[in-house]
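K.L.:
As listed in TrEMBL for this protein:
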type	residues	note
REGION	46-77	region 'Disordered'
TRANSMEM	106-125	transmembrane segment
TRANSMEM	131-151	transmembrane segment
TRANSMEM	172-193	transmembrane segment
TRANSMEM	199-218	transmembrane segment
TRANSMEM	225-244	transmembrane segment
TRANSMEM	250-272	transmembrane segment
TRANSMEM	293-314	transmembrane segment
TRANSMEM	320-340	transmembrane segment
Amino acid sequence: YVTQHKDLSQRVKPKSESVVPLFHESRQLGQEKTVLHKIRSISPVPPPLSETLTRNEPKGVAPAAEMEGSISSLEAGSKEDRQWKEMKLQLDDLPGILARLSKIKLTALVVSTASAGFAMAPVPFDVTCFLLASLGTGLASCAANSINQFFEVPFDSNMNRTKNRPLVRGQISPLLAVCFAAACGVPGIALLTLAVNPLTGALGAFNIFLYTCCYTPLKRVSVANTWVGALVGAIPPVMGWTAATGSLDAGAMLLGGILYSWQFPHFNALSWGLREDYSRGGYCMMSVTHPALCRRVALRHCLALIGLCAAAPVLDVTTWTFPIISLPINLYISYLGFRFYRDADRSSSRRLFFCSLWHLPLLLLVMFTCKKPLLEKEEKGDLLSGNHGRAVEIRLP
């Protein structure tokens, strides 16, 4: 039994010795596999720039010199761009630059509303006085708009709508812009004061002050700037009325009220689509800071136009046909104002803005066609003076 056990142990021992090396070999193979799996191909590291320059010194001198020359030329060009350069103004471009400086389209609107006020006055039409009043009002508007752009250069440069103005682009110097404003404002106010009447000249001077010294700085302080700007736009038709009559009557206040209310749906709808621009420029507009108030005020003044038109025959400015004829266009702009108040999107604001562009000229045209005849007013005045005379005769025996 012992001999058999030894034989068995001798037989088993070679098997265990044979098993262990196989296990170690498999582990070694596994480790080699993992090592081979982790090794990846790596691109050769490029030599440092100093070594390449030292190795290829005779060949690389010219490209390095060219590179240094191009860098130095770029630096010199950037320095030249930052340096002050004398502006070269072509005389052929000056009329267009001055027209954009004075906001010629806005000036044309101001003159047209002043002309409407002159035409609605209950006096005979004087062509000479009309032309002088229109010229003086236009010059005053050019002066106010030029001073406004002079003050707003750093803010206009941040807005897409105003970044191409002449002062922002450097097409005209600030000194020349101020001289142009003085050359328009002083003769304009003098013409209104001396050739028309002092009341109209005072209104023109007050409007320049209100636009440049009140409305312009207030745009970056409070949303009340919109109400001040609406007052600025309401004064030109009053100036036209006073140029014809020489006095402030109820008709002048009515025309000013119509222009005052019309500007809120016009400007609020315009500013709604320019909220990003006004925000970048740092302007405190209702559309940016108080969007609900912006829509509510626009709708409120659309409805106010209906009441103002209804007051025209009561104040003896038009006949009773004017409120009836103007009612459809006033209802339509009020409907668009309600859509703008309800939807509050760019589509509704754009529709209201474009409606305001044709609403005002059409409303003033209808108002002029429904103007009360001058003969009827003279007969009414004579009748009142006759009754007063009879009353005096009755009192005095």
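Note that Cβ sites are derived from N, Cα and C of the backbone, with glycine treated the same way.
Owing to the predicted nature of the structure, the values given are computational and were not obtained by experimental measurement.
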K.L.:
Would you kindly list the residues that approach the transmembrane segment (250-272) from elsewhere in its chain, counting only those six or more residues past its ends and only Cβ-Cβ distances under 8 Å?
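P.N.:
Contacts of the transmembrane segment (250-272) (Cβ under 8 Å, skipping residues fewer than 6 from its ends): 113, 116-117, 120-122, 226, 229-231, 233-238, 240-242, 278, 285-288, 291, 294-295, 297-302, 304-305, 308-309, 311-312, 315-317, 333, 336-337, 340, 346, 349-350, 352-353, 356-357, 359-360, 363.
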K.L.:
Taking the transmembrane segment (320-340) as the reference, which of 106-125, 131-151, 199-218, 225-244, 293-314 gives the largest number of Cβ pairs under 8 angstroms?
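P.N.:
It is 293-314, which has the most Cβ pairs under 8 Å.
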K.L.:
Counting Cβ pairs closer than 8 Å, which of 106-125, 131-151, 172-193, 293-314 has the most of them with the transmembrane segment (225-244)?
P.N.:
106-125
K.L.:
Using Cβ distances below 8 Å and needing 3 or more such pairs, separated by at least 6 in sequence, tell me whether the transmembrane segment (131-151) contacts the transmembrane segment (199-218).
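P.N.:
Touching, yes - the transmembrane segment (131-151) and the transmembrane segment (199-218) meet the threshold of 3 or more Cβ pairs under 8 Å.
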K.L.:
Please report, as numbers and ranges, the same-chain residues at least 6 past the borders of the transmembrane segment (293-314) whose CB is under 8 Å from any CB of it.
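P.N.:
Residues 223, 226, 254, 257-258, 261-265, 268-269, 271-272, 285-287, 320, 322-323, 326-327, 330-331, 333-334, 336-338, 340-341, 344, 352, 363, 367, 370, 372.
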